[in-house]
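S.K.: TrEMBL lists these features:
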{"type": "ACT_SITE", "residues": "A:LYS79", "note": "active site, charge relay system"}
{"type": "ACT_SITE", "residues": "A:SER154", "note": "active site, charge relay system"}
{"type": "ACT_SITE", "residues": "A:SER178", "note": "active site, acyl-ester intermediate"}
{"type": "DOMAIN", "residues": "A:24-465", "note": "domain 'Amidase'"}
Amino acid sequence: MSLFDYRVSELHSLLHKKEISVSDLVDESFKRIHEVDEKVQAFLTLNEEQARTKAKELDEKLATEKEFGLLFGMPIGIKDNIVTKGLRTTCASKILYNFDPIYDATVVERLHQADAVTIGKLNMDEFAMGSSTENSGFQLTRNPWDLERVPGGSSGGSAAAVAAGEVPFALGSDTGGSIRQPAAFCGVVGLKPTYGRVSRYGLVAFASSLDQIGPITRNVEDNAYLLQVISGVDPMDSTSANVDVPDYVSALTGDIQGLKIAVPKEYLGEGVSEEVRQSVLDALKVLEGLGATWEEVSLPHSKYALATYYLLASSEASANLARFDGVRYGYRTDNAKNLIDMYKQTRSEGFGNEVKRRIMLGTFALSSGHYDAYYKKAQKVRTLIKQDFENVFEKYDVIIGPTTPTPAFKIGEKTSDPLTMYANDILTIPVNLAGVPGISIPCGFVNGLPVGLQIIGKHFDESTIYRVAHAFEQATDYHKQKPTL
Amino acid sequence: MSRISIEQVKHVAHLARLAITEEEAAMFAKQLDAIITFAEQLNELDTENVPPTSHVLNMKNVMREDVPTAGLPLEDVLKNAPDHQDGQFRVPAILE
(Lines of atoms letter the chains of each structure in order from A and count residues from 1; the text may use other names and numbers.)
(Lines give C-alpha, C1' and ligand atoms only; values in the text may rest on other atoms or scores of the structure.)
Protein backbone atom coordinates (compact mmCIF):
# COMPACT_ATOMS: atom_id res chain seq x y z
CA MET A 1 0.00 0.00 0.00
CA SER A 2 1.32 3.40 -0.97
CA LEU A 3 -0.02 6.81 0.00
CA PHE A 4 -0.28 7.41 -3.73
CA ASP A 5 -3.05 4.81 -3.97
CA TYR A 6 -5.27 7.54 -2.55
CA ARG A 7 -6.84 10.20 -4.72
CA VAL A 8 -6.05 13.86 -4.05
CA SER A 9 -9.37 14.45 -2.27
CA GLU A 10 -8.64 11.50 0.04
CA LEU A 11 -5.09 12.72 0.70
CA HIS A 12 -6.42 16.17 1.56
CA SER A 13 -8.81 14.72 4.08
CA LEU A 14 -5.97 12.68 5.64
CA LEU A 15 -3.86 15.87 5.81
CA HIS A 16 -6.63 17.84 7.50
CA LYS A 17 -7.25 15.04 10.01
CA LYS A 18 -3.48 15.21 10.76
CA GLU A 19 -3.14 11.52 9.92
CA ILE A 20 -0.39 12.38 7.47
CA SER A 21 1.80 15.41 6.81
CA VAL A 22 3.08 16.94 3.59
CA SER A 23 6.53 15.75 4.64
CA ASP A 24 5.17 12.19 4.68
CA LEU A 25 3.99 12.60 1.09
CA VAL A 26 7.31 14.02 -0.05
CA ASP A 27 9.16 11.26 1.85
CA GLU A 28 7.01 8.68 0.13
CA SER A 29 8.07 10.07 -3.24
CA PHE A 30 11.80 10.09 -2.55
CA LYS A 31 11.68 6.72 -0.78
CA ARG A 32 10.06 5.16 -3.83
CA ILE A 33 12.44 6.97 -6.21
CA HIS A 34 15.44 5.68 -4.28
CA GLU A 35 13.91 2.19 -4.35
CA VAL A 36 12.94 1.86 -7.99
CA ASP A 37 14.35 4.62 -10.16
CA GLU A 38 17.61 2.81 -10.69
CA LYS A 39 15.50 0.34 -12.68
CA VAL A 40 12.94 2.70 -14.21
CA GLN A 41 15.28 5.66 -14.88
CA ALA A 42 12.43 8.16 -15.11
CA PHE A 43 14.10 11.14 -13.39
CA LEU A 44 16.89 13.24 -14.86
CA THR A 45 17.20 15.71 -11.98
CA LEU A 46 15.90 15.55 -8.40
CA ASN A 47 14.81 18.55 -6.36
CA GLU A 48 15.13 16.78 -3.02
CA GLU A 49 16.47 19.48 -0.71
CA GLN A 50 14.09 22.19 -1.93
CA ALA A 51 11.14 19.77 -1.92
CA ARG A 52 11.76 18.83 1.72
CA THR A 53 12.07 22.49 2.71
CA LYS A 54 8.85 23.27 0.86
CA ALA A 55 7.11 20.35 2.59
CA LYS A 56 8.05 21.78 6.01
CA GLU A 57 6.70 25.19 4.99
CA LEU A 58 3.46 23.63 3.86
CA ASP A 59 3.15 21.61 7.08
CA GLU A 60 3.44 24.88 8.99
CA LYS A 61 0.83 26.42 6.75
CA LEU A 62 -1.42 23.44 7.44
CA ALA A 63 -1.16 24.10 11.18
CA THR A 64 -1.70 27.84 11.05
CA GLU A 65 -3.72 28.86 7.99
CA LYS A 66 -7.16 28.32 6.58
CA GLU A 67 -6.67 28.74 2.82
CA PHE A 68 -5.00 25.95 0.88
CA GLY A 69 -4.11 25.56 -2.78
CA LEU A 70 -5.98 23.02 -4.89
CA LEU A 71 -2.94 20.71 -5.04
CA PHE A 72 -1.83 21.40 -1.49
CA GLY A 73 1.13 19.19 -0.58
CA MET A 74 0.97 17.08 -3.73
CA PRO A 75 4.30 15.80 -5.09
CA ILE A 76 4.68 16.39 -8.81
CA GLY A 77 7.28 15.51 -11.43
CA ILE A 78 7.82 17.81 -14.39
CA LYS A 79 8.85 16.88 -17.90
CA ASP A 80 12.28 18.26 -18.63
CA ASN A 81 11.16 20.55 -21.46
CA ILE A 82 9.24 22.77 -19.02
CA VAL A 83 11.50 25.41 -17.49
CA THR A 84 11.92 25.53 -13.72
CA LYS A 85 13.81 28.46 -12.19
CA GLY A 86 17.09 27.32 -10.67
CA LEU A 87 16.37 23.65 -11.48
CA ARG A 88 18.30 22.26 -14.44
CA THR A 89 16.16 21.88 -17.58
CA THR A 90 17.71 19.91 -20.43
CA CYS A 91 15.00 18.73 -22.85
CA ALA A 92 17.04 15.50 -22.54
CA SER A 93 19.48 17.07 -24.98
CA LYS A 94 23.25 17.42 -24.67
CA ILE A 95 22.87 20.90 -26.14
CA LEU A 96 21.13 22.00 -22.91
CA TYR A 97 23.06 19.72 -20.52
CA ASN A 98 23.83 22.61 -18.12
CA PHE A 99 20.86 24.94 -18.69
CA ASP A 100 19.73 26.67 -15.49
CA PRO A 101 16.49 28.55 -16.27
CA ILE A 102 16.10 32.11 -15.04
CA TYR A 103 12.30 31.93 -14.81
CA ASP A 104 9.47 29.47 -14.16
CA ALA A 105 7.07 28.35 -16.88
CA THR A 106 3.55 29.66 -16.27
CA VAL A 107 2.35 26.13 -15.41
CA VAL A 108 5.12 25.82 -12.81
CA GLU A 109 4.20 29.17 -11.30
CA ARG A 110 0.58 28.01 -11.09
CA LEU A 111 1.68 24.79 -9.39
CA HIS A 112 3.52 26.85 -6.78
CA GLN A 113 0.42 28.97 -6.23
CA ALA A 114 -1.59 25.75 -5.80
CA ASP A 115 0.89 24.56 -3.11
CA ALA A 116 2.20 21.57 -5.06
CA VAL A 117 5.75 20.30 -4.42
CA THR A 118 8.17 19.85 -7.33
CA ILE A 119 10.00 16.53 -6.90
CA GLY A 120 12.20 16.61 -9.99
CA LYS A 121 12.53 16.66 -13.76
CA LEU A 122 11.54 13.75 -15.97
CA ASN A 123 13.21 12.06 -18.90
CA MET A 124 11.85 12.37 -22.44
CA ASP A 125 12.80 11.98 -26.07
CA GLU A 126 15.23 14.75 -26.95
CA PHE A 127 13.19 17.94 -27.56
CA ALA A 128 10.05 15.74 -27.37
CA MET A 129 10.87 14.12 -30.72
CA GLY A 130 10.08 10.45 -30.44
CA SER A 131 7.62 7.81 -29.30
CA SER A 132 9.72 5.67 -26.95
CA THR A 133 11.99 7.97 -24.89
CA GLU A 134 14.87 6.10 -26.56
CA ASN A 135 15.94 9.42 -28.12
CA SER A 136 16.93 10.86 -24.73
CA GLY A 137 20.49 12.16 -24.82
CA PHE A 138 21.07 10.89 -21.28
CA GLN A 139 19.34 7.68 -20.22
CA LEU A 140 16.96 4.91 -21.18
CA THR A 141 13.65 4.97 -19.29
CA ARG A 142 12.00 1.57 -18.94
CA ASN A 143 8.35 0.57 -18.79
CA PRO A 144 7.47 -0.32 -15.17
CA TRP A 145 5.22 -3.15 -16.44
CA ASP A 146 8.10 -4.81 -18.29
CA LEU A 147 11.60 -3.40 -17.99
CA GLU A 148 12.53 -4.79 -21.41
CA ARG A 149 9.95 -2.51 -23.03
CA VAL A 150 9.74 1.20 -23.74
CA PRO A 151 7.51 3.48 -21.65
CA GLY A 152 6.38 5.27 -24.83
CA GLY A 153 7.25 8.84 -25.55
CA SER A 154 8.01 11.52 -25.68
CA SER A 155 6.74 12.01 -22.08
CA GLY A 156 8.03 8.53 -21.16
CA GLY A 157 9.65 9.65 -17.91
CA SER A 158 6.42 11.32 -16.77
CA ALA A 159 4.21 8.30 -17.46
CA ALA A 160 6.72 5.78 -16.06
CA ALA A 161 7.22 7.80 -12.84
CA VAL A 162 3.47 7.89 -12.20
CA ALA A 163 3.02 4.19 -13.07
CA ALA A 164 5.93 3.22 -10.80
CA GLY A 165 4.40 5.12 -7.86
CA GLU A 166 7.27 7.60 -7.68
CA VAL A 167 4.94 10.60 -7.94
CA PRO A 168 1.13 10.79 -8.05
CA PHE A 169 1.22 13.71 -10.49
CA ALA A 170 3.32 14.60 -13.51
CA LEU A 171 3.26 17.14 -16.30
CA GLY A 172 3.95 16.06 -19.85
CA SER A 173 3.68 17.74 -23.23
CA ASP A 174 1.89 16.43 -26.29
CA THR A 175 2.66 17.45 -29.88
CA GLY A 176 1.52 14.29 -31.71
CA GLY A 177 0.62 11.94 -28.86
CA SER A 178 3.46 12.47 -26.40
CA ILE A 179 1.19 12.44 -23.33
CA ARG A 180 -1.46 9.94 -24.42
CA GLN A 181 0.80 7.29 -25.99
CA PRO A 182 3.10 6.87 -22.94
CA ALA A 183 0.04 7.04 -20.65
CA ALA A 184 -1.41 4.12 -22.65
CA PHE A 185 1.85 2.14 -22.55
CA CYS A 186 2.27 2.68 -18.79
CA GLY A 187 -1.39 2.19 -17.78
CA VAL A 188 -2.02 5.70 -16.44
CA VAL A 189 -4.30 8.63 -17.26
CA GLY A 190 -2.93 11.31 -19.60
CA LEU A 191 -4.77 14.25 -21.14
CA LYS A 192 -3.80 16.51 -24.02
CA PRO A 193 -5.88 19.65 -23.51
CA THR A 194 -7.45 21.74 -26.28
CA TYR A 195 -4.83 23.81 -28.08
CA GLY A 196 -4.70 27.10 -26.17
CA ARG A 197 -6.24 25.72 -22.95
CA VAL A 198 -2.88 25.73 -21.14
CA SER A 199 -0.16 28.38 -21.49
CA ARG A 200 2.95 27.28 -23.36
CA TYR A 201 5.09 30.02 -21.80
CA GLY A 202 8.20 28.25 -20.57
CA LEU A 203 7.59 25.07 -22.57
CA VAL A 204 10.63 24.73 -24.82
CA ALA A 205 8.96 24.89 -28.22
CA PHE A 206 9.01 21.93 -30.62
CA ALA A 207 6.03 22.61 -32.93
CA SER A 208 4.26 25.70 -31.66
CA SER A 209 0.94 25.13 -33.46
CA LEU A 210 0.60 21.63 -31.96
CA ASP A 211 2.33 21.62 -28.54
CA GLN A 212 0.24 21.50 -25.37
CA ILE A 213 1.22 20.80 -21.75
CA GLY A 214 -1.06 18.35 -19.93
CA PRO A 215 -1.53 16.22 -16.80
CA ILE A 216 -0.49 12.59 -16.23
CA THR A 217 -1.93 10.88 -13.14
CA ARG A 218 -3.12 7.54 -11.75
CA ASN A 219 -6.82 8.37 -11.95
CA VAL A 220 -9.26 10.75 -13.61
CA GLU A 221 -10.08 12.84 -10.53
CA ASP A 222 -6.42 13.72 -9.94
CA ASN A 223 -6.11 14.54 -13.62
CA ALA A 224 -9.02 16.99 -13.42
CA TYR A 225 -7.47 18.71 -10.37
CA LEU A 226 -4.18 19.19 -12.16
CA LEU A 227 -5.80 20.52 -15.34
CA GLN A 228 -7.83 22.93 -13.20
CA VAL A 229 -4.62 24.38 -11.78
CA ILE A 230 -2.71 24.81 -15.05
CA SER A 231 -5.54 25.99 -17.35
CA GLY A 232 -6.40 29.50 -18.41
CA VAL A 233 -5.32 32.45 -20.49
CA ASP A 234 -1.83 33.87 -19.93
CA PRO A 235 -0.60 37.26 -21.16
CA MET A 236 2.82 35.64 -21.75
CA ASP A 237 1.40 33.27 -24.40
CA SER A 238 -0.66 34.96 -27.10
CA THR A 239 -1.91 31.55 -28.30
CA SER A 240 -3.45 30.76 -24.91
CA ALA A 241 -7.20 31.12 -25.28
CA ASN A 242 -9.33 33.61 -23.43
CA VAL A 243 -12.03 31.03 -22.70
CA ASP A 244 -13.53 30.47 -19.23
CA VAL A 245 -12.15 27.51 -17.29
CA PRO A 246 -15.02 25.37 -15.97
CA ASP A 247 -14.91 23.38 -12.73
CA TYR A 248 -13.56 20.09 -14.07
CA VAL A 249 -13.96 18.14 -10.83
CA SER A 250 -17.69 18.89 -10.71
CA ALA A 251 -18.00 17.28 -14.16
CA LEU A 252 -17.23 13.90 -12.59
CA THR A 253 -20.84 12.96 -12.02
CA GLY A 254 -20.67 9.35 -13.11
CA ASP A 255 -23.69 10.00 -15.34
CA ILE A 256 -23.30 9.35 -19.06
CA GLN A 257 -26.92 8.45 -19.76
CA GLY A 258 -27.75 9.39 -23.37
CA LEU A 259 -24.14 10.14 -24.33
CA LYS A 260 -23.52 9.80 -28.07
CA ILE A 261 -20.21 8.14 -28.96
CA ALA A 262 -18.64 8.07 -32.42
CA VAL A 263 -16.21 5.26 -33.22
CA PRO A 264 -14.18 6.00 -36.37
CA LYS A 265 -13.77 2.91 -38.51
CA GLU A 266 -10.26 4.15 -39.37
CA TYR A 267 -9.27 3.76 -35.71
CA LEU A 268 -10.10 0.06 -35.54
CA GLY A 269 -8.85 -0.93 -38.96
CA GLU A 270 -5.58 -1.94 -40.52
CA GLY A 271 -2.52 -1.77 -38.26
CA VAL A 272 -4.48 -1.99 -35.01
CA SER A 273 -3.79 -5.27 -33.22
CA GLU A 274 -6.68 -7.65 -32.65
CA GLU A 275 -6.20 -7.59 -28.85
CA VAL A 276 -6.27 -3.79 -28.71
CA ARG A 277 -9.36 -3.75 -30.94
CA GLN A 278 -11.08 -6.23 -28.62
CA SER A 279 -10.20 -4.19 -25.49
CA VAL A 280 -11.78 -1.12 -27.07
CA LEU A 281 -14.92 -3.01 -28.09
CA ASP A 282 -15.19 -4.34 -24.51
CA ALA A 283 -14.82 -0.79 -23.19
CA LEU A 284 -17.62 0.36 -25.48
CA LYS A 285 -19.84 -2.37 -24.00
CA VAL A 286 -19.11 -1.01 -20.52
CA LEU A 287 -20.08 2.48 -21.65
CA GLU A 288 -23.25 1.11 -23.28
CA GLY A 289 -24.09 -0.51 -19.97
CA LEU A 290 -23.88 2.95 -18.39
CA GLY A 291 -26.44 4.38 -20.82
CA ALA A 292 -24.31 5.60 -23.71
CA THR A 293 -24.83 4.66 -27.36
CA TRP A 294 -22.20 4.32 -30.06
CA GLU A 295 -22.11 4.26 -33.82
CA GLU A 296 -19.41 3.75 -36.37
CA VAL A 297 -18.38 6.90 -38.25
CA SER A 298 -15.64 7.90 -40.66
CA LEU A 299 -12.80 10.39 -40.33
CA PRO A 300 -11.89 9.97 -43.99
CA HIS A 301 -8.62 11.93 -43.99
CA SER A 302 -7.08 10.03 -41.04
CA LYS A 303 -4.63 8.19 -43.27
CA TYR A 304 -3.08 11.49 -44.33
CA ALA A 305 -2.51 12.73 -40.79
CA LEU A 306 0.91 11.14 -40.30
CA ALA A 307 2.43 12.70 -43.42
CA THR A 308 0.79 16.06 -42.67
CA TYR A 309 2.14 15.98 -39.15
CA TYR A 310 5.72 15.17 -40.04
CA LEU A 311 5.87 17.96 -42.59
CA LEU A 312 4.32 20.58 -40.30
CA ALA A 313 5.91 19.57 -36.99
CA SER A 314 9.36 19.30 -38.58
CA SER A 315 8.97 22.64 -40.34
CA GLU A 316 8.07 24.35 -37.09
CA ALA A 317 10.87 22.52 -35.28
CA SER A 318 13.46 23.63 -37.81
CA ALA A 319 12.58 27.25 -36.97
CA ASN A 320 12.18 26.76 -33.21
CA LEU A 321 15.46 24.91 -32.77
CA ALA A 322 17.47 27.55 -34.62
CA ARG A 323 17.93 29.29 -31.26
CA PHE A 324 20.32 26.59 -30.04
CA ASP A 325 23.49 28.11 -31.43
CA GLY A 326 26.00 28.02 -28.56
CA VAL A 327 25.81 31.78 -28.01
CA ARG A 328 23.32 32.54 -25.23
CA TYR A 329 22.95 29.24 -23.35
CA GLY A 330 23.77 25.56 -23.38
CA TYR A 331 26.61 23.66 -24.93
CA ARG A 332 29.30 25.24 -27.15
CA THR A 333 31.92 23.29 -29.07
CA ASP A 334 35.58 23.71 -28.09
CA ASN A 335 36.96 23.52 -31.58
CA ALA A 336 35.59 26.18 -33.88
CA LYS A 337 37.48 28.17 -36.48
CA ASN A 338 34.92 30.96 -36.87
CA LEU A 339 31.33 31.85 -36.02
CA ILE A 340 29.54 29.77 -38.70
CA ASP A 341 31.77 26.82 -37.91
CA MET A 342 30.96 27.27 -34.20
CA TYR A 343 27.22 27.12 -34.95
CA LYS A 344 27.62 24.00 -37.06
CA GLN A 345 29.94 22.11 -34.72
CA THR A 346 27.91 23.04 -31.63
CA ARG A 347 24.65 21.86 -33.18
CA SER A 348 26.15 18.69 -34.64
CA GLU A 349 27.76 17.70 -31.36
CA GLY A 350 24.76 18.80 -29.27
CA PHE A 351 21.79 17.32 -31.16
CA GLY A 352 20.99 13.63 -31.60
CA ASN A 353 20.13 12.04 -34.95
CA GLU A 354 16.33 12.21 -34.70
CA VAL A 355 16.50 15.93 -33.96
CA LYS A 356 18.89 16.50 -36.87
CA ARG A 357 16.65 14.46 -39.17
CA ARG A 358 13.59 16.55 -38.32
CA ILE A 359 15.44 19.86 -38.55
CA MET A 360 16.63 18.86 -42.03
CA LEU A 361 13.20 17.62 -43.13
CA GLY A 362 11.68 20.89 -41.94
CA THR A 363 14.37 23.01 -43.55
CA PHE A 364 13.78 21.13 -46.80
CA ALA A 365 9.97 21.48 -46.63
CA LEU A 366 10.28 25.24 -46.05
CA SER A 367 13.05 25.88 -48.54
CA SER A 368 12.50 27.86 -51.70
CA GLY A 369 11.06 25.66 -54.44
CA HIS A 370 9.59 23.13 -52.00
CA TYR A 371 7.44 25.29 -49.74
CA ASP A 372 4.22 25.03 -51.81
CA ALA A 373 4.57 21.34 -52.55
CA TYR A 374 5.19 20.28 -48.97
CA TYR A 375 4.52 22.84 -46.24
CA LYS A 376 1.56 24.63 -47.80
CA LYS A 377 0.07 21.38 -49.08
CA ALA A 378 0.24 19.95 -45.55
CA GLN A 379 -1.48 23.03 -44.08
CA LYS A 380 -4.32 22.52 -46.58
CA VAL A 381 -4.69 18.86 -45.69
CA ARG A 382 -4.69 19.91 -42.04
CA THR A 383 -7.85 21.89 -42.81
CA LEU A 384 -9.48 18.73 -44.21
CA ILE A 385 -8.51 16.73 -41.11
CA LYS A 386 -9.90 19.45 -38.86
CA GLN A 387 -13.16 19.44 -40.85
CA ASP A 388 -13.46 15.66 -40.39
CA PHE A 389 -13.65 16.22 -36.64
CA GLU A 390 -16.06 19.16 -36.96
CA ASN A 391 -18.42 17.03 -39.05
CA VAL A 392 -18.48 14.17 -36.53
CA PHE A 393 -18.89 16.51 -33.56
CA GLU A 394 -22.05 17.96 -35.12
CA LYS A 395 -23.82 14.74 -34.15
CA TYR A 396 -21.76 13.13 -31.39
CA ASP A 397 -20.45 14.11 -27.94
CA VAL A 398 -17.15 12.24 -28.00
CA ILE A 399 -15.03 10.12 -30.32
CA ILE A 400 -13.60 6.90 -28.92
CA GLY A 401 -10.91 4.55 -30.16
CA PRO A 402 -7.62 3.04 -29.07
CA THR A 403 -4.73 5.34 -28.10
CA THR A 404 -2.11 3.17 -29.81
CA PRO A 405 -2.24 0.35 -32.36
CA THR A 406 -0.37 -2.04 -30.03
CA PRO A 407 0.76 -2.19 -26.39
CA ALA A 408 4.34 -1.19 -25.47
CA PHE A 409 7.04 -2.56 -27.78
CA LYS A 410 10.51 -3.80 -26.91
CA ILE A 411 13.47 -1.49 -26.42
CA GLY A 412 15.38 -1.27 -29.71
CA GLU A 413 12.55 -2.86 -31.71
CA LYS A 414 11.74 0.21 -33.80
CA THR A 415 14.85 2.37 -33.68
CA SER A 416 16.31 1.40 -37.03
CA ASP A 417 13.55 2.81 -39.26
CA PRO A 418 12.09 6.27 -38.53
CA LEU A 419 8.85 5.58 -40.43
CA THR A 420 8.09 2.44 -38.38
CA MET A 421 8.54 4.47 -35.20
CA TYR A 422 6.36 7.30 -36.51
CA ALA A 423 3.50 4.88 -37.27
CA ASN A 424 2.93 4.50 -33.52
CA ASP A 425 1.25 7.84 -33.45
CA ILE A 426 -1.35 7.36 -36.21
CA LEU A 427 -4.24 7.43 -33.71
CA THR A 428 -3.08 10.41 -31.66
CA ILE A 429 -1.69 12.79 -34.30
CA PRO A 430 -5.04 13.79 -35.88
CA VAL A 431 -6.14 15.16 -32.50
CA ASN A 432 -3.20 17.59 -32.37
CA LEU A 433 -3.74 18.64 -35.98
CA ALA A 434 -7.38 19.49 -35.19
CA GLY A 435 -6.47 21.14 -31.87
CA VAL A 436 -9.13 19.16 -29.97
CA PRO A 437 -8.58 17.58 -26.53
CA GLY A 438 -8.01 13.87 -25.96
CA ILE A 439 -7.35 11.57 -23.02
CA SER A 440 -5.91 8.08 -22.65
CA ILE A 441 -7.19 5.91 -19.80
CA PRO A 442 -6.41 2.26 -18.99
CA CYS A 443 -8.97 -0.12 -20.55
CA GLY A 444 -7.39 -3.55 -20.34
CA PHE A 445 -4.26 -5.67 -20.46
CA VAL A 446 -2.69 -7.78 -23.20
CA ASN A 447 -0.09 -10.25 -21.93
CA GLY A 448 0.36 -8.15 -18.81
CA LEU A 449 0.80 -4.89 -20.74
CA PRO A 450 -1.69 -2.02 -20.37
CA VAL A 451 -3.96 -0.92 -23.23
CA GLY A 452 -5.14 2.70 -23.54
CA LEU A 453 -8.63 3.91 -24.47
CA GLN A 454 -8.64 7.28 -26.21
CA ILE A 455 -11.56 9.64 -25.66
CA ILE A 456 -11.58 12.74 -27.87
CA GLY A 457 -13.80 15.78 -27.27
CA LYS A 458 -14.83 19.07 -28.84
CA HIS A 459 -12.68 22.18 -28.49
CA PHE A 460 -12.65 23.25 -24.80
CA ASP A 461 -14.92 20.37 -23.78
CA GLU A 462 -12.49 18.58 -21.47
CA SER A 463 -15.41 18.32 -18.99
CA THR A 464 -17.27 15.78 -21.13
CA ILE A 465 -14.08 13.78 -21.70
CA TYR A 466 -13.50 13.66 -17.94
CA ARG A 467 -17.13 12.71 -17.27
CA VAL A 468 -16.91 9.73 -19.64
CA ALA A 469 -13.43 8.70 -18.44
CA HIS A 470 -14.50 8.90 -14.81
CA ALA A 471 -17.70 6.91 -15.40
CA PHE A 472 -15.66 4.19 -17.13
CA GLU A 473 -13.10 4.21 -14.34
CA GLN A 474 -15.85 3.83 -11.69
CA ALA A 475 -17.16 0.78 -13.55
CA THR A 476 -13.76 -0.94 -13.97
CA ASP A 477 -10.64 -1.57 -11.93
CA TYR A 478 -7.88 -1.35 -14.56
CA HIS A 479 -6.59 1.88 -13.01
CA LYS A 480 -6.07 0.09 -9.69
CA GLN A 481 -3.61 -2.43 -11.15
CA LYS A 482 0.01 -1.72 -10.32
CA PRO A 483 3.21 -3.05 -11.85
CA THR A 484 5.49 -5.21 -9.70
CA LEU A 485 8.93 -3.66 -9.46
CA MET B 1 13.96 8.64 -58.77
CA SER B 2 15.02 9.83 -55.36
CA ARG B 3 13.29 12.89 -53.92
CA ILE B 4 16.40 14.23 -52.25
CA SER B 5 20.01 13.71 -53.35
CA ILE B 6 23.11 13.55 -51.17
CA GLU B 7 24.07 16.98 -52.54
CA GLN B 8 20.69 18.41 -51.52
CA VAL B 9 21.05 16.90 -48.04
CA LYS B 10 24.41 18.65 -47.69
CA HIS B 11 22.85 21.92 -48.82
CA VAL B 12 19.94 21.58 -46.38
CA ALA B 13 22.39 20.72 -43.57
CA HIS B 14 24.32 23.88 -44.36
CA LEU B 15 21.12 25.97 -44.28
CA ALA B 16 20.23 24.38 -40.92
CA ARG B 17 23.78 25.01 -39.62
CA LEU B 18 24.54 21.33 -39.12
CA ALA B 19 27.93 19.79 -39.91
CA ILE B 20 27.47 16.28 -41.30
CA THR B 21 29.98 13.70 -42.48
CA GLU B 22 29.82 11.96 -45.89
CA GLU B 23 28.53 8.87 -44.13
CA GLU B 24 25.78 10.83 -42.35
CA ALA B 25 24.85 12.60 -45.59
CA ALA B 26 24.25 9.21 -47.21
CA MET B 27 22.24 7.94 -44.25
CA PHE B 28 20.07 11.07 -44.00
CA ALA B 29 19.53 11.10 -47.78
CA LYS B 30 18.13 7.57 -47.63
CA GLN B 31 15.93 8.25 -44.58
CA LEU B 32 14.69 11.66 -45.72
CA ASP B 33 13.94 10.24 -49.15
CA ALA B 34 11.73 7.57 -47.56
CA ILE B 35 9.92 10.16 -45.42
CA ILE B 36 9.41 12.59 -48.33
CA THR B 37 8.20 9.79 -50.60
CA PHE B 38 5.74 8.79 -47.88
CA ALA B 39 4.63 12.43 -47.51
CA GLU B 40 3.85 12.66 -51.22
CA GLN B 41 0.71 10.60 -50.63
CA LEU B 42 -0.82 14.01 -49.83
CA ASN B 43 -0.82 14.61 -53.58
CA GLU B 44 -3.68 12.12 -53.87
CA LEU B 45 -5.90 14.86 -52.45
CA ASP B 46 -7.26 17.73 -54.49
CA THR B 47 -6.71 20.76 -52.26
CA GLU B 48 -7.10 23.41 -54.97
CA ASN B 49 -9.95 25.15 -53.14
CA VAL B 50 -9.02 24.25 -49.56
CA PRO B 51 -7.67 27.12 -47.44
CA PRO B 52 -4.51 26.30 -45.48
CA THR B 53 -4.88 26.17 -41.68
CA SER B 54 -3.30 29.18 -40.03
CA HIS B 55 -4.70 28.50 -36.57
CA VAL B 56 -6.88 25.68 -35.21
CA LEU B 57 -9.10 28.03 -33.23
CA ASN B 58 -10.82 31.07 -34.70
CA MET B 59 -8.27 33.37 -33.13
CA LYS B 60 -6.94 36.35 -35.06
CA ASN B 61 -4.27 38.82 -34.00
CA VAL B 62 -3.97 39.16 -30.23
CA MET B 63 -3.17 42.76 -29.32
CA ARG B 64 -2.21 44.42 -26.05
CA GLU B 65 -1.36 47.93 -24.94
CA ASP B 66 2.22 48.85 -25.76
CA VAL B 67 3.38 49.51 -22.21
CA PRO B 68 7.12 49.33 -21.47
CA THR B 69 8.07 46.95 -18.67
CA ALA B 70 11.42 46.16 -17.07
CA GLY B 71 13.67 43.80 -19.06
CA LEU B 72 15.73 40.98 -17.59
CA PRO B 73 18.67 41.91 -15.36
CA LEU B 74 21.97 41.64 -17.25
CA GLU B 75 23.27 39.10 -14.75
CA ASP B 76 20.36 36.75 -15.56
CA VAL B 77 20.75 37.24 -19.30
CA LEU B 78 24.41 36.24 -19.19
CA LYS B 79 24.02 33.50 -16.58
CA ASN B 80 23.86 30.62 -19.06
CA ALA B 81 26.18 32.05 -21.72
CA PRO B 82 29.12 29.80 -22.62
CA ASP B 83 31.33 32.89 -22.97
CA HIS B 84 30.80 36.57 -22.21
CA GLN B 85 32.80 39.71 -21.62
CA ASP B 86 31.92 43.27 -20.54
CA GLY B 87 28.21 42.50 -20.43
CA GLN B 88 28.13 41.02 -23.93
CA PHE B 89 28.04 37.54 -25.45
CA ARG B 90 31.44 36.64 -26.87
CA VAL B 91 31.72 34.50 -30.03
CA PRO B 92 34.59 33.33 -32.26
CA ALA B 93 35.79 35.52 -35.12
CA ILE B 94 33.02 36.41 -37.55
CA LEU B 95 35.36 37.28 -40.44
CA GLU B 96 38.27 35.05 -41.41
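Cβ atoms here come from the backbone N, Cα and C positions, even for glycine.
Keep in mind the model is a prediction, meaning the values are calculated, not measured.
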S.K.: How many neighbouring Cβ atoms, not counting its own, are there within 10 Å of the Cβ of A:LYS79 (active site, charge relay system)?
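M.R.: For A:LYS79 (active site, charge relay system), the count of other Cβ atoms within 10 Å is 32.
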S.K.: Cβ atoms within 10 Å, counted per site: which of A:SER154, A:SER178 has the most, among these active-site residues?
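M.R.: Most Cβ neighbours within 10 Å: A:SER178.
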S.K.: Quick one: Cα separation, A:SER154 (active site, charge relay system) versus A:LYS79 (active site, charge relay system), in Å?
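M.R.: For A:SER154 (active site, charge relay system) versus A:LYS79 (active site, charge relay system), the Cα atoms are 9 Å apart.
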S.K.: Could you tell me the C-alpha distance between A:SER178 (active site, acyl-ester intermediate) and A:LYS79 (active site, charge relay system) in angstrom, no decimals?
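M.R.: A Cα-Cα distance of 11 Å.
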S.K.: Under a three-state reading of DSSP, tell me whether A:SER178 (active site, acyl-ester intermediate) is helix, strand or coil.
M.R.: coil
S.K.: Averaged over the domain 'Amidase' (A:24-465), what pLDDT does the prediction give?
M.R.: 97
